[in-house]
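The next block holds one structure in the form of structure tokens; read it before the comments.
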Amino acid sequence: MPIKIPSGLPARDILDSERIFALEKPEAERQRVRPLKLVILNLMPKKIETETQLLRLISKSPLQVEVDFMKTSTHEATHVSADHLVKFYETLDAFKDNYYDGLVVTGAPVEHLDFEQVDYWDEFKQILDWASTHVFSTMYLCWGAMGALNYRYGVRKELLPEKLFGVFPQYLQDEYCFLTNGFDEICLQPHSRLAGVNEGDIAHNPELQVLTWGPKSGPGLIATRDFSEVFALGHWEYGKYTLAEEYERDMKKGMTNVPFPENYFPHDDPKLEPLFAWRAHANLLWRNWLNWVYQTTPYDLSEVPQLREEKRLGTDRSIRHEPGSPRVDAFTPFSHDGYGVIRG
């Protein structure tokens, strides 16, 4: 939420430089308030689990948020009852005339496939086209981020030599970025993926900026320069036991070469309680994003198409470091701290 300060207060310039929302009295009196409207495109197999994880984060904001759920029409979910989908989900056709402050696009366990092999790829692109004129800001997660980066900006998806699985350090690129304001200089991010993105494609695209980066996990959080699109390559929304459940599931299947989740169990012992070491940054990211949307979205959402065409949406404040140039020279990753939490 913004703070209201006296007109002409000298601290205003400092607060502005640190990306802190402050309103002088005349601005506050003109401000109109309404609930934020979000729609979640849930591509994950376990719909209810993902709903719970995302709503848990969204609920941490003091803002009132209205949430709708979207599904694809070209792919039939098999891990949730049809009744649940009928009761709580609609396809794009039901939303095409609606406007939203935010869209959340989840990941999906299809990163090993070429985009064209995903049965809902064409529909995915249609949803992104709709969002470009009907949504103020979009948060993409994992495969959703890979797909959007490829479709929007030509960033190539690359298969990894082995699955990236565990909790990995990310280095903050700018302490005063809107989305990462309040982050520690090193934050932890869960990953469970078989693919990544081409960092060179990101570095050479003037529209993109890397907000957090890790030596092993690569870019963890990316945004457009106007923050209208945010791409999280990891899973900050994951609960404490999600990685453990994935590991146990694959072990019970008798799969060979099941990767062990790195930096997750104390002393790498799966009999011990896993560490929930990313929760604070997950909550802070989502609070920051919702707060930024609240401060900058138009009161009348039907103005989004015109404002976007005129390039008057968003903030257009770039981070202080050159996009694609990870700022790691000042930091040394911790290692062998007794828990093995910061390796990699």
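Placement of Cβ uses the backbone N, Cα and C atoms for every residue, glycine included.
Following the DSSP three-state reduction, the secondary structure of GLU111 (site 'Important for acyl-CoA specificity') is coil. According to Swiss-Prot, the site 'Important for acyl-CoA specificity' annotation covers GLU111.
Taken from Swiss-Prot, the feature active site, acyl-thioester intermediate applies to CYS142. Annotation for CYS142 (active site, acyl-thioester intermediate): same-chain Cβ neighbours under 8 Å, separated by at least 6 residues, are THR106, GLY107, ALA108, GLU111, SER192, ARG193, ALA232, LEU233, GLY234, HIS235.
Marked as substrate binding site by Swiss-Prot on the basis of sequence analysis: LYS163, SER192, ARG249. For ARG249 (substrate binding site), the number of other Cβ atoms no farther than 10 Å from its own Cβ, over all displayed protein chains, is 11.
DSSP assigns SER192 (substrate binding site) to a strand in the three-state reduction. Feature annotation from Swiss-Prot assigns site 'Important for substrate specificity' to SER192.
The feature active site, proton acceptor is assigned by Swiss-Prot to HIS235.
The secondary structure of GLU237 (active site), as reduced to three states from DSSP, is coil rather than helix or strand. Residues near GLU237 (active site) in space but far in sequence (CB under 8 A, at least 6 apart, same chain), listed by position: THR50, GLN53, LEU54, LEU57, LEU141, ALA282. What Swiss-Prot lists as active site is GLU237.
With every protein chain in view, the residue among the recorded positions LYS163, HIS235 whose Cβ has the most Cβ partners within 10 Å turns out to be HIS235. For GLU111 (site 'Important for acyl-CoA specificity'), the Cβ neighbour count at a 10 Å cut-off comes to 21, with all displayed protein chains included. Highlighted in sequence order, PHE165, LEU243, GLU246, TYR247, ASP250, PRO259 have their Cβ within 8 Å of the centre of the Cβ atoms of LYS163, SER192, ARG249, the residues recorded for substrate, and are not part of that set. There are 21 other CB atoms within 10 A of the CB of SER192 (substrate binding site), with all protein chains counted. Site extent for substrate: among the recorded binding residues LYS163, SER192, ARG249, the largest C-alpha separation is 15 Å.
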